[in-house]
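Heads up, the thing below is written out as C-alpha cells.
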Amino acid sequence: MCWTNWIRHGCPVEKSWKLNERHYGALQGLNKAETAEKYGDEQVKQWRRGFAVTPPELTKDDERYPGHDPRYAKLSEKELPLTEAWR
C-alpha cells in the first residue's frame, strides 16, 4: 500500500545495483547447517549477529562472483565486492 501511494504521487524511485541485499561472499548458497559444519557454530553466530564482521571473500574465479553476471558487465572489478559487512 505504501509503495502504491509512493508511485502514485510521483515520488522518485532509486534503482541501483548497490541496493542489493547483503553480499555473503563465500557463504552464498550455503545453509546455516553447512556453514556451521565448515566454520563452526561460534563463527556463524558472529557473522549472523555482527555488523562489522565480514564473511569470507569469494575468489574471482568462483561462479558466484558478481563479475560473471551480465547485469554487472559495465562495472569495474573495483566496484564489485567479494564480500560485505553491514557497516
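Glycine residues also receive a Cβ, built from the backbone N, Cα and C atoms like all the rest.
These features come from TrEMBL:
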BINDING   E21, R22, H23, Y24, K32, R48, R49  substrate binding site
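Structure with TrEMBL features highlighted.
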residue: E21; record: substrate binding site; Cβ contacts under 8 Å, 6 or more apart: none
residue: H23; record: substrate binding site; Cβ contacts under 8 Å, 6 or more apart: P66, P81, T83, E84
residue: Y24; record: substrate binding site; Cβ contacts under 8 Å, 6 or more apart: P55, T83
residue: K32; record: substrate binding site; Cβ contacts under 8 Å, 6 or more apart: V44
residue: R48; record: substrate binding site; Cβ contacts under 8 Å, 6 or more apart: none
residue: R49; record: substrate binding site; Cβ contacts under 8 Å, 6 or more apart: none
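For R22 (substrate binding site), the Cβ neighbour count at a 10 Å cut-off comes to 12, with all displayed protein chains included. Under the DSSP three-state reduction, Y24 (substrate binding site) is assigned to coil, being neither helix nor strand. Maximum C-alpha to C-alpha distance over the listed substrate-binding residues E21, R22, H23, Y24, K32, R48, R49 is 17 Å.
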